Amino acid sequence: MVQAWYMDESQEDQRAPHRQRPNRAVSLEQLRRLGVVYRRLDADNYETDPCLKEIRRAENYSWMDIVTIHKDKLPNYEEKIKTFYEEHLHLDDEIRYILEGSGYFDVRDKDDKWIRIFMEKGDMITLPAGIYHRFTLDENNYVKAMRLFVGEPVWTAYNRPADDFPARKQYMKFLAEEAHNGV
């Protein structure tokens, strides 16, 4: 099961867990209220997994590729790692399915605090369009992930501040509605 927690303020190695002391765990329900969707799948059988096939059909994820993030596998590795860790948003949902290895997605909560989500083999996450986030490897320095898209992939990341984009405004409206419904 996925683990998530509020991050400490340390500027040390981004690949470290950065748990607050005491740890402030974040539940799947708290992530859901931020629009983050988590699923656990069978990564050993991703090529034939009926659950993955059904998710792709239901969500209209028509495009897919697999990326390996490791210094020996990814061209311009150091530059890419820095880019992935810059706070940004996308105009479309970001869907990642971890096939091997592990890493962290960091997302901002409604109060602009960082939540770290530990992702490992079998974890699938959907980050909604407009959410500020970033990604980093953990101390193992390796992840192989499936990237899924609705239609043709759009790779554009908009670094913060990017509050004027319609996707960000729609996401902020979603957060306000979640806060109102949660009262």
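Cβ atoms are placed via backbone N, Cα and C, with glycine included.
As the structure is a computational prediction, the values presented were derived from the model and not from experiment.
Same-chain neighbours of the region 'Disordered' (1-21): 27-28, 30-31, 38, 40, 85, 104, 106, 109, 113-119, 123, 125, 136-139, 141, counting only residues six or more beyond its ends whose CB sits under 8 Å from a CB of the stretch. Among the features that TrEMBL reports, region 'Disordered' is placed at 1-21.
Feature annotation from TrEMBL assigns Ni(2+) binding site to His88, His90, Glu94, His133.
Remark: His88 (Ni(2+) binding site) has Tyr132, His133, Arg134, Ala157, Tyr158, Asn159, Arg160, Ala162 as non-local neighbours, by Cβ distance under 8 Å and separation of at least 6 in sequence. Annotation comment: TrEMBL describes His88, His90, Glu94, His133 as Fe(2+) binding site.
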Env. residues of Ni(2+) site, Cβ within 8 Å of mean position of His88, His90, Glu94, His133 Cβ: Leu89, Leu127, Ile131, Tyr132, Arg134, Ala157
Sparsest-packed among the binding-site residues, when each Cβ's other Cβ atoms within 10 Å are tallied, from His90, His133: His90
